[in-house]
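Enquirer: Provided herewith is a single structure, encoded as structure tokens, for subsequent inquiry.
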Amino acid sequence: MSSSCSGLSRVLVAVATALVSASSPCPQAWGPPGVQYGQPGRSVKLCCPGVTAGDPVSWFRDGEPKLLQGPDSGLGHELVLAQADSTDEGTYICQTLDGALGGTVTLQLGYPPARPVVSCQAADYENFSCTWSPSQISGLPTRYLTSYRKKTVLGADSQRRSPSTGPWPCPQDPLGAARCVVHGAEFWSQYRINVTEVNPLGASTRLLDVSLQSILRPDPPQGLRVESVPGYPRRLRASWTYPASWPCQPHFLLKFRLQYRPAQHPAWSTVEPAGLEEVITDAVAGLPHAVRVSARDFLDAGTWSTWSPEAWGTPSTGTIPKEIPAWGQLHTQPEVEPQVDSPAPPRPSLQPHPRLLDHRDSVEQVAVLASLGILSFLGLVAGALALGLWLRLRRGGKDGSPKPGFLASVIPVDRRPGAPNL
């Protein structure tokens, strides 16, 4: 295992070394042929690509007849630019002693790479992906080397870890994108992600330890629909499905939260449904409502998903029941003679309309349950006190001889022990 780790590490180091070889004379590993790189404020060496190393050449700027460096400089085929800046960028021409064109070199200035910013996220329990971005812009062509390895804990009381398994390449999907995907991950394992940024001036590595429990973030639910409830002008029914990326297994469940608001209203109302649908009972009649939903692991691992795209729905246009008339008004209204062909109108009911009580049902149920609980508690306390008093009196009645002076006032004098008979 350790041999495979060291082997792949040597391969990665070799690749990085080859990529950074641009700092050597006449590099060809980066960019188009003839482009060489340097850092602002540092000395830069350019080499003539068409001559043998060490052969003296003359250097000119492209389009300028002025000689920058002659063949007697003692620098051979190299041109040295002290403390290069942006004005030094451009194309240079080198000529041999016989005036033949040795080649052209284009100078591009930039900065060495810094450690990239890396973050990882898991959309399910089996796969996770990592993305990265440069912490500073180098201005140079840049490549990234990505790999990962798995770490296992030896014991709960041990702070040491077993040798890491891997590393393995983390394939970039698609190739060249700032994202790599790890397939077939283990939920209870920890992983170390290695992202190395490489450009012609160097390499910099970022290591990130992750666990699926902490980076789990499902995709938002799909298929959100909002429908009116016929005959209920203040109700909406919302339904949705699991995200397609979530595994269809009974022990991997999601919980949901739903938000809704009327049109032109900035504040959202939030509820946590128990399943894959929810009936909104306090919608504003006649107004369209925006609804959105998000998901999270049922055991609160990771974080909530992003919100789903909003879906819109308008409650039913059924008539809202009017207020119940007072008792006196019921008897003072003039009676209308029913027509022969039309059915008799229904008699007014003194009972409140059930729709008017929908929003008060839950409050009344809570009040009734609280009252029953208080009455039950008081009944238990009274029963306990009565039982204790009864047991105390019973023990007192079974006691043998009465205590001195006990009930002495109610015993006749002539029956007291030792009293003379008169």
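Each Cβ is built from the backbone N, Cα and C atoms, and glycine gets one as well.
The following feature annotations were taken from Swiss-Prot:
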SIGNAL    1-22  signal peptide
TOPO_DOM  24-370  topological domain 'Extracellular'
DOMAIN    27-110  domain 'Ig-like C2-type'
DISULFID  C48-C94  disulfide bond
DOMAIN    112-219  domain 'Fibronectin type-III 1'
DISULFID  C120-C130  disulfide bond
CARBOHYD  N127  N-linked glycosylation site
DISULFID  C170-C180  disulfide bond
CARBOHYD  N194  N-linked glycosylation site
DOMAIN    220-317  domain 'Fibronectin type-III 2'
MOTIF     304-308  motif 'WSXWS motif'
REGION    335-355  region 'Disordered'
REGION    398-422  region 'Disordered'
COMPBIAS  413-422  compositional bias 'Basic and acidic residues'
Enquirer: Sequence-remote contacts (6 or more beyond its ends) of the motif 'WSXWS motif' (304-308), Cβ cut-off under 8 Å?
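Expert: Same-chain residues near the motif 'WSXWS motif' (304-308) but 6 or more away: 217-222, 224, 240, 243, 257, 259, 292-296.
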Enquirer: If you measure from the CA of C170 (disulfide bond) out to 10 Å, which recorded positions from the list C94, C130, N194 are inside that radius?
Expert: C130, N194
Enquirer: Please work out the helix, strand and coil residue numbers for the motif 'WSXWS motif' (304-308) from the DSSP assignment.
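Expert: Helix, strand, coil within the motif 'WSXWS motif' (304-308): 0 helix, 0 strand, 5 coil.
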Enquirer: Given the disulfide-bonded residues C48, C94, C120, C130, C170, and counting only Cβ atoms in the protein chains shown, which has the most within 10 Å of its Cβ?
Expert: C48
Enquirer: Whole-number Å only: compute the distance from the Cα of C48 (disulfide bond) to the Cα of C130 (disulfide bond).
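Expert: Roughly 42 Å, rounded to the nearest whole number.
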Enquirer: Given the recorded positions C94, N127, C130, N194, which lie close to C180 (disulfide bond), meaning Cα to Cα within 10 A?
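Expert: For C180 (disulfide bond), the recorded positions whose Cα atoms are within 10 Å come to C130.
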Enquirer: So among C120, N127, C130, N194, all listed as recorded positions, which is physically nearest to C94 (disulfide bond)? Use the C-alpha atoms.
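Expert: Closest recorded candidate to C94 (disulfide bond) by Cα: N194.
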Enquirer: Express the distance between the Cα positions of N127 (N-linked glycosylation site) and C120 (disulfide bond) as a whole number of Å.
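Expert: The separation of the Cα atoms works out to 11 Å.
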